[in-house]
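Residues annotated as domain 'HpaB/PvcC/4-BUDH N-terminal' in TrEMBL: 5-270. Per TrEMBL, the feature FAD binding site maps to 156, 157, 158, 159, 191, 450, 451, 452, 453. Under the heading domain 'HpaB/PvcC/4-BUDH C-terminal', TrEMBL lists 278-475.
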Ligand SMILES: Cc1cc2nc3c(=O)[nH]c(=O)nc-3n(C[C@H](O)[C@H](O)[C@H](O)COP(=O)(O)OP(=O)(O)OC[C@H]3O[C@@H](n4cnc5c(N)ncnc54)[C@H](O)[C@@H]3O)c2cc1C
């Protein structure tokens, strides 16, 4: 097996017949042909195909020591700084293919699995079998190049400190049987719902020390009792001119409902140990590796936004205005800062207790706190520069109508006819105003946790690097 082609990926997803609900009905037929999913599934298929391009083979793949198969680099456990760089180059190659708009392209979940496998020893505190299950599962997904969604947050019901009510609704382990564990309840929010082979579920750090919530497992998305209830689609139409981003990259988000789902023992990674649950984040270095993936992708997304803003400036010839240059500089500075965080995290990487080359968390903590703050400013800058250009955007059908000549004339820019100019401004609109663009903004604010708790995490984990001692020494000094 080894790396999948796009065709293999699509055929697997179509065969699954996952229980997906959208707009009041169950999705039937081939999901890759459904209006809401076909664009993003085609974009994901393109990612898999990139792995097969001969000129990209060295960047995108490595050879499995277990099978001799070519495997996607996002499964690679980095042992050296060169491996980390290899991972970055691969992640960014994929990100360029989706302009950084697919936050949960398969490299994200592959990274999580890689970390779980590398730190599988942790799970022996639950039982030896759990560690072996994780290792087997990693090999299985890696060698078959499967795609995963994941879910772990409890439904937003009662966020009071005791979490009591929310946890009543949240999926819990209701019993253990000879065959496995049984999960009942719901979790939010599975991005890429309906377009992956499997779903991985693991616990979030929380103050609830209840064994019913200390579980982790992975199952195929068509497992009996499992259902995905989707939000409205933001792909709208199969129209890359009118909805250039939404029609290609709208990764669906869904509530996941477990109706007494039986998880067979061989897919159980944790079944009651709050001790292991609490170690999962502090000891696995999951943060460092996932943040390295996220920031690699965010750099590419920022480059895409920088390019879009420059094209808007060129299009309506506003480069002579100082505030326009200043706003462009703001975006460029953010882009360079993100690159700096990323490279610094690699430069100071160290081998962790599992033998994995682990990026320095300090710059990554800064990056994941910074980006949710700066991304909304990117969007604001697009709006401030584009102004009415964001609404004077007739559809492609208008340009095919009797109005074509008139629109090409009246909507021309200094360097484009109306059709080309509107194409650019439709992109700016899809980034900054459409439902797709708003969801991107929300995603950047929350997908890695909310900003308050991310800042708290930085405060707790940030290595002050002797700065406090230096100040203490200074205060002790006598002249
Ligand atoms: C577009 C999108 C895609 C997502 N994709 C996925 C996915 O694929 N898989 C997945 O598992 N999750 C996913 N998530 C969920 C994401 O992890 C959560 O949104 C995030 O962790 C915040 O949790 P919440 O949405 O429940 O917000 P809440 O925790 O309910 O927060 C709501 C508000 O209350 C405040 N608040 C709540 N509790 C506290 C507290 N203890 N201390 C301080 N302030 C608090 C928050 O700061 C915030 O202002 C996604 C979210 C979004 C928006």
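From the backbone N, Cα and C atoms, a Cβ is placed for every residue, glycine too.
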Q: Pick out which of the binding-site residues 158, 191 has the most other Cβ atoms within 10 Å of its own Cβ.
A: 191
Q: Which residue among the binding-site residues 156, 451 has the fewest other Cβ atoms within 10 Å of its Cβ, if you could check?
A: 156
Q | DSSP-derived class (H/G/I helix, E/B strand, else coil) of residue 451 (FAD binding site) | A | helix
Q: Enter the number of other CB atoms within 10 angstroms of the CB of residue 453 (FAD binding site).
A: 11
Q) Under a three-state reduction of DSSP output, how is residue 191 (FAD binding site) classified: helix, strand, or coil? A) strand
**Q.** Max pairwise CA distance, angstrom, over record-listed FAD binders 156, 157, 158, 159, 191, 450, 451, 452, 453
**A.** 22
